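Please read the structure below before turning to the comments.
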Amino acid sequence: MKKLQIAVGIIRNPNDEIFITRRAADAHMANKLEFPGGKIEADETPEQALIRELQEEVGITPTQVTLFDTLEYQFPDRHITLWFWLVERWEGEPWGKEGQPGRWIAQNALNTEDFPPANEPIIRKLRQICALVGDRNTIPIDLISDLMST
(Lines of atoms letter the chains of each structure in order from A and count residues from 1; the text may use other names and numbers.)
(Lines give C-alpha, C1' and ligand atoms only; values in the text may rest on other atoms or scores of the structure.)
Protein backbone atom coordinates (compact mmCIF):
# COMPACT_ATOMS: atom_id res chain seq x y z
CA MET A 1 0.00 0.00 0.00
CA LYS A 2 1.39 3.38 -1.00
CA LYS A 3 1.69 5.97 1.77
CA LEU A 4 1.98 9.55 0.58
CA GLN A 5 2.44 12.92 2.28
CA ILE A 6 0.99 15.77 0.22
CA ALA A 7 1.38 19.55 0.66
CA VAL A 8 -1.59 21.50 -0.72
CA GLY A 9 -1.97 25.25 -1.29
CA ILE A 10 -5.29 27.03 -0.87
CA ILE A 11 -4.34 30.16 -2.83
CA ARG A 12 -6.84 32.83 -1.79
CA ASN A 13 -6.96 36.34 -3.23
CA PRO A 14 -8.45 39.51 -1.63
CA ASN A 15 -11.68 38.95 -3.61
CA ASP A 16 -12.39 35.73 -1.66
CA GLU A 17 -11.51 33.60 -4.68
CA ILE A 18 -9.49 30.39 -4.65
CA PHE A 19 -7.14 29.38 -7.46
CA ILE A 20 -7.86 25.83 -8.61
CA THR A 21 -6.54 23.57 -11.34
CA ARG A 22 -7.90 20.51 -13.11
CA ARG A 23 -6.19 17.12 -12.77
CA ALA A 24 -4.91 15.49 -15.94
CA ALA A 25 -7.04 12.87 -17.71
CA ASP A 26 -4.40 10.20 -16.98
CA ALA A 27 -3.87 11.13 -13.30
CA HIS A 28 -5.29 9.54 -10.16
CA MET A 29 -8.75 11.14 -9.70
CA ALA A 30 -8.68 12.18 -13.37
CA ASN A 31 -10.30 15.47 -14.44
CA LYS A 32 -11.27 16.45 -10.89
CA LEU A 33 -10.60 20.00 -9.70
CA GLU A 34 -7.81 20.39 -7.17
CA PHE A 35 -5.94 22.81 -5.01
CA PRO A 36 -2.35 22.93 -6.34
CA GLY A 37 0.31 20.97 -4.50
CA GLY A 38 2.17 17.69 -4.50
CA LYS A 39 4.25 15.07 -2.75
CA ILE A 40 6.49 15.96 0.17
CA GLU A 41 10.01 14.68 -0.49
CA ALA A 42 11.94 12.82 2.23
CA ASP A 43 14.26 15.79 2.90
CA GLU A 44 11.50 18.45 3.03
CA THR A 45 9.16 19.87 5.61
CA PRO A 46 5.53 20.20 4.51
CA GLU A 47 5.98 23.99 4.18
CA GLN A 48 9.12 23.60 2.04
CA ALA A 49 7.28 21.14 -0.20
CA LEU A 50 4.37 23.56 -0.55
CA ILE A 51 6.65 26.38 -1.70
CA ARG A 52 8.47 24.11 -4.18
CA GLU A 53 5.26 22.62 -5.57
CA LEU A 54 3.57 25.99 -6.05
CA GLN A 55 6.65 27.31 -7.84
CA GLU A 56 6.68 24.24 -10.12
CA GLU A 57 2.94 23.89 -10.76
CA VAL A 58 1.51 27.40 -10.80
CA GLY A 59 4.53 29.71 -10.98
CA ILE A 60 4.15 31.55 -7.67
CA THR A 61 6.34 31.89 -4.60
CA PRO A 62 4.28 32.01 -1.40
CA THR A 63 5.35 34.75 1.03
CA GLN A 64 2.69 34.12 3.71
CA VAL A 65 1.35 30.66 4.51
CA THR A 66 -0.73 29.40 7.42
CA LEU A 67 -1.43 25.76 8.18
CA PHE A 68 -5.17 25.42 7.52
CA ASP A 69 -5.70 21.73 8.31
CA THR A 70 -4.21 18.26 8.08
CA LEU A 71 -6.16 15.14 7.34
CA GLU A 72 -5.67 11.53 6.44
CA TYR A 73 -7.55 9.73 3.72
CA GLN A 74 -7.64 6.11 2.63
CA PHE A 75 -8.09 5.32 -1.06
CA PRO A 76 -8.31 1.64 -2.12
CA ASP A 77 -4.72 1.71 -3.38
CA ARG A 78 -3.07 4.38 -1.20
CA HIS A 79 -3.09 6.14 2.15
CA ILE A 80 -2.47 9.88 2.04
CA THR A 81 -1.77 12.54 4.62
CA LEU A 82 -2.70 15.99 3.34
CA TRP A 83 -1.24 19.23 4.70
CA PHE A 84 -3.50 22.09 3.60
CA TRP A 85 -1.90 25.54 3.70
CA LEU A 86 -3.73 28.84 3.30
CA VAL A 87 -1.70 31.06 0.95
CA GLU A 88 -2.84 34.68 1.02
CA ARG A 89 0.34 36.42 -0.15
CA TRP A 90 2.68 35.42 -2.94
CA GLU A 91 4.95 36.69 -5.69
CA GLY A 92 3.88 36.14 -9.30
CA GLU A 93 0.52 35.37 -10.85
CA PRO A 94 -0.77 31.77 -10.66
CA TRP A 95 -1.27 29.91 -13.91
CA GLY A 96 -1.20 26.29 -15.11
CA LYS A 97 2.57 26.11 -15.58
CA GLU A 98 2.50 22.37 -16.34
CA GLY A 99 -0.25 22.73 -18.95
CA GLN A 100 -3.13 22.12 -16.56
CA PRO A 101 -6.15 24.42 -16.79
CA GLY A 102 -6.34 26.85 -13.86
CA ARG A 103 -8.83 29.50 -12.78
CA TRP A 104 -10.14 31.54 -9.88
CA ILE A 105 -13.41 30.46 -8.30
CA ALA A 106 -15.40 32.19 -5.56
CA GLN A 107 -14.69 30.55 -2.21
CA ASN A 108 -18.41 30.16 -1.51
CA ALA A 109 -18.91 28.46 -4.92
CA LEU A 110 -16.57 25.54 -4.22
CA ASN A 111 -18.47 22.27 -4.75
CA THR A 112 -17.32 19.08 -3.03
CA GLU A 113 -18.48 16.93 -5.97
CA ASP A 114 -15.98 18.63 -8.30
CA PHE A 115 -12.97 17.66 -6.13
CA PRO A 116 -11.46 14.36 -4.96
CA PRO A 117 -13.33 13.03 -1.89
CA ALA A 118 -10.36 13.73 0.40
CA ASN A 119 -10.99 17.47 -0.10
CA GLU A 120 -14.59 17.41 1.18
CA PRO A 121 -13.86 18.49 4.79
CA ILE A 122 -11.63 21.32 3.56
CA ILE A 123 -14.25 22.64 1.16
CA ARG A 124 -16.89 22.48 3.90
CA LYS A 125 -14.61 24.52 6.19
CA LEU A 126 -13.88 27.09 3.47
CA ARG A 127 -17.60 27.52 2.86
CA GLN A 128 -18.23 27.73 6.61
CA ILE A 129 -15.65 30.53 6.85
CA CYS A 130 -17.52 32.45 4.13
CA ALA A 131 -20.71 32.16 6.13
CA LEU A 132 -19.00 33.29 9.35
CA VAL A 133 -16.81 36.18 8.18
CA GLY A 134 -18.41 37.31 4.92
CA ASP A 135 -16.36 39.68 2.78
CA ARG A 136 -12.92 40.04 4.38
CA ASN A 137 -9.46 40.29 2.95
CA THR A 138 -7.98 37.72 5.31
CA ILE A 139 -9.23 34.81 7.36
CA PRO A 140 -8.59 35.38 11.08
CA ILE A 141 -5.95 32.95 12.39
CA ASP A 142 -8.00 32.19 15.51
CA LEU A 143 -10.92 31.12 13.31
CA ILE A 144 -8.63 28.71 11.43
CA SER A 145 -7.47 27.27 14.77
CA ASP A 146 -11.06 26.84 15.94
CA LEU A 147 -12.08 25.10 12.70
CA MET A 148 -9.03 22.79 12.74
CA SER A 149 -10.28 21.32 15.99
CA THR A 150 -13.70 20.45 14.52
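Note that Cβ sites are derived from N, Cα and C of the backbone, with glycine treated the same way.
Any TrEMBL annotation is an automated prediction that lacks curation.
What you are looking at is a predicted structure, and each value in this text was computed from that prediction instead of being measured.
Pulled from TrEMBL:
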- R23, H28, E34, F35, P36, G37, N119: 8-oxo-dGTP binding site (BINDING)
- G37, E57: Mg(2+) binding site (BINDING)
- 1-130: domain 'Nudix hydrolase' (DOMAIN)
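Positions of the features from TrEMBL, shown on the structure.
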residue: R23; record: 8-oxo-dGTP binding site; Cβ contacts under 8 Å, 6 or more apart: M29, A30, N31, K32, L33, E34, Q100, P116
residue: H28; record: 8-oxo-dGTP binding site; Cβ contacts under 8 Å, 6 or more apart: F75, R78
residue: F35; record: 8-oxo-dGTP binding site; Cβ contacts under 8 Å, 6 or more apart: V8, G9, I10, I11, I18, I20, T21, F84, N119, I122
residue: P36; record: 8-oxo-dGTP binding site; Cβ contacts under 8 Å, 6 or more apart: V8, G9, I11, F19, I20, T21, E53, L54, E57, V58, P94, G102
residue: G37; record: 8-oxo-dGTP binding site; Cβ contacts under 8 Å, 6 or more apart: I6, A7, V8, G9, A49, L50, E53, L54, E57
Write out how many residues of the domain 'Nudix hydrolase' (1-130) are helix, how many strand and how many coil, based on DSSP.
33 helix, 55 strand, 42 coil
Site extent for 8-oxo-dGTP (largest Cα pair distance over R23, H28, E34, F35, P36, G37, N119, Å):
14
In the same chain, which residues outside the set R23, H28, E34, F35, P36, G37, N119 have their CB within 8 A of the centroid of the CB atoms that define the 8-oxo-dGTP site?
V8, T21, M29, K32, L33, F115, P116
By a simple count, how many Cβ atoms lie within 10 Å of the Cβ of N119 (8-oxo-dGTP binding site), its own Cβ left out?
24
